[in-house]
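Taken from TrEMBL, the feature repeat 'ARM' covers A:125-165, A:167-210, A:209-251, A:293-336, A:374-416, A:416-458, A:463-506, A:566-608.
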Amino acid sequence: VTVGERDSGVAKVAEWQHTMYDLDSGINSGAPTVRDEDGEFTSSKHYTMTTTVTREEPDYEITTRSHRVRAAMFPETLEAGTTILSTQTDPSEMTNVQRLAEPSQLLKTAIVHLINYQDDAELTRAVPELTKLLNDEDQVVVNKAAQIVNQLTRKEASRRALMQSPQMVAAVVRAMQNTGDMETARATASILHNLSHQREGLLSIFKSGGIPALVRMLSSPMESVLFYAITTLHNLLLHQEGAKMAVRLADGLLRMVPLLNKSNPKFLAITTDCLQLLSYGNQESKLIILANRGPEALVHIMRTYSYEKLLWTTSRVLKVLSVCPSNKPAIVEAGGMQALGKHLTGSSQRLMQNCLWTLRNLSDAATKEEGMDGLLQVLVGLLSSDDLNMLTCATGILSNLTCNNAYNKTLVTQSNGVEALIHAILRAGEKEDVTEPAVCALRHLTSRHQQAEVAQNAVRKHYGIPAIVKLLNQPYYWPVIKAVVGLVRNLALCPENQAPLRDAGATNRLVTLLLKAHQDAQKHGSSAQQTYQDGVRMEEIVEGCTGALHILARDPINRAEIANMQTIPLFVQLLYSPVDNVKRVAAGVLCELALDKPSAEIIDSEGASAPLMELLHSNNEGIATYAAAVLFRISEDKNTDYKKRVSVELTHSLFRHDPAAWEMAHNSVPMDGPYADAELDVGMVGYSGFPADMDGMDGGLMSEDYPGTLPYDSQPY
Amino acid sequence: MNREEAPGKSPEDMYIQQKVRVLLMLKKMGSNLTPSEEAFLRNYAGVVHSQMSQLPQHNIDQGAEDVVTAFSRSETEDRRQ
């Protein structure tokens, strides 16, 4: 719309008064504009007609809008003889325009027109002028220009023109950085904020070095500046390529982390989201957050606020940090487990899931943490969920938190954890992400705490045994197999479980697995080349199965079944294993099997004596004890020479830590016959005789004729 | 002299001491004993008594230790938003 007639100027004024300034500059109405104390312009509201015509004979009159703008902005470009409508009524008194012929005021007026009429051509010409003003030495000028530009950024057309000028954006950035004036800081920050809602604007800010400047504004004492700065940075991080690197380089994290102490939830939500964007996949960023006490601040937010979006963004940062080995213990120490645990029963699904993933990541660092009762109970409750993700996390967390922690084991057992875990296993079917940790958790609950027996019984009472043994079937997923084998071993510690385990086919499956795993391990030669399947070494399966069979063999029927499956040769072979644990379980199962005479004979015929003699010297008390017991049991029918050898070896092993006994042994009657042995020290031990039980009595009871006395005067052998 | 309280006093004493100790350890570890082994212990109750206090106090064979699982091997994307 163009206005051609002079007398429509009044209408223009009226229109101006509807602008954001609501000002009447008095160009047409002549109303004096009063500048009040705080620099605001207000109208005195007295309108008087004050137009006068200048003396010159005009070629034409300034009537068009563009002429008015030009007159205001670029008077030097006006043609000679142009009539300028002057509002001067009293020659001695300057008009408002004359009085206020500051560039900014003129400009502001002109721009108001521009805003009204949205003429791109004029806009483009205004921008360089504004840019110059922003770069002015005079801070008042800069302030005014900033305010004008800020207004311009609120409308699309003018905003577009601004963001298309790199010089303009650079000038804004510079002004923001250099100003000592709060209002200028606020206005310039607001400009950048407004520009940051479009990609073009983001790019222009990025290219103009806006990021370091915005980061510096994060130290501003003005809340509004902080808000603009963080929001603009957030938009940059979200949508501008290269922004993350630039923020990191500008020490953005260093400035952001302290902002976590602010108390505005929405501000915190944006800040935490920035931290998440910066630290995801970037180890250095995570360490910077840690170094600035980020974990404490983040945990504090989780504990304190209830604004869902903030809790969610914060939980995402914690999740990112929770995979960092350095941040993990710090989060746990700050009470992270308990704080995250508070949000597992709310209505926000996304928050709950994030907390669960984070808890799971942290759980291996929290095994010694106290005050976890509430969390543990909630987790047991979550085991009834049908959501696979939730089950995966709950079982995983419980598995780790019950690891080597007797208090937690007892608490979970008392909270019906066993029943809940069994139901989870039943529901999970073949989902190993759930069954593996669930079985591990049961394995933890069934040993090494006061309620271990309660847990062992509870598994049976809640019909868990068949389901658990079924997990030993094909297809084999070895981590699950390994966990189940350990659990079966613990279950067998409870005598009432032995028959149900046998009925479920545990013995059979364990022997099959043992044979297969042993074969696989042998195929690959020496133990230096360990065989991994699904991340599990076959040697671990051998050890686990043998250990479970060891405990199952305490039951006489199981014992017979195990022996009948031709397992003794393999167990004897395992005595040669370089791994102590394998030696221990092999000697242990042979010790149980040797209770039965036929098995004892087989053990002997397989040449077990030699390796067992070696094992008497083991540093491991369990190994030495089992080995000795087997030797005693297989030597019952042996001649006294053999028994003597056993005794000699035992002396060297069992008493070698007892110097007095060793001394005595060495100083007794010298050794004779074939027992002089390179392994034995000088001054061999000899024996004049042995107690009656070594004289070929086959399993018979000691004579009641020798209660409490030593038959030391029995026949020499 | 009470030979039962002087370990290594004679080979026979030592043998009895060894065997008593082994059997007591077995019992401590939860293993079964044969009837003759139980009788042996009954016969040498005095040695049993003196050996009991010398047995190691800690648990000898409790099976494999609990082991944590390291779930935080890598960052996972949000599975749900």
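Any Cβ shown, glycine's included, is placed from N, Cα and C.
Any TrEMBL annotation is an automated prediction that lacks curation.
Counting same-chain residues at least six beyond the ends of the repeat 'ARM' (A:463-506), those with a Cβ under 8 angstroms from any Cβ of the stretch are 418, 422, 425-426, 432, 435-436, 439-440, 442-443, 446-447, 452-453, 456-457, 513, 533-536, 540-541, 544-545, 547-548, 550-552, 554-555, 557-558, 561. Away from its own ends, the repeat 'ARM' (A:293-336) comes close to residues 257, 260-261, 265-266, 268-269, 272-273, 275-276, 279-280, 283, 286-287, 342-343, 348, 350-351, 354-355, 357-358, 361-362, 365-366, 369 of its chain (Cβ-Cβ under 8 Å, at least six residues beyond either end). When Cβ-Cβ distances below 8 Å are used as the criterion, the repeat 'ARM' (A:566-608) is approached by residues 511, 514-515, 518, 527, 539, 542-543, 546-547, 549-550, 553-554, 556, 559-560, 615, 618, 620, 622-623, 626-627, 629-630, 633-634, 636, 699 of the same chain, each at least six residues removed from its ends.
In the repeat 'ARM' (A:125-165), the DSSP tally of helix, strand and coil residues is 32 helix, 0 strand, 9 coil. The repeat 'ARM' (A:566-608): residue composition by secondary structure is 30 helix, 0 strand, 13 coil, according to DSSP. Secondary structure of the repeat 'ARM' (A:374-416) per DSSP, as helix, strand and coil residue counts: 32 helix, 0 strand, 11 coil.
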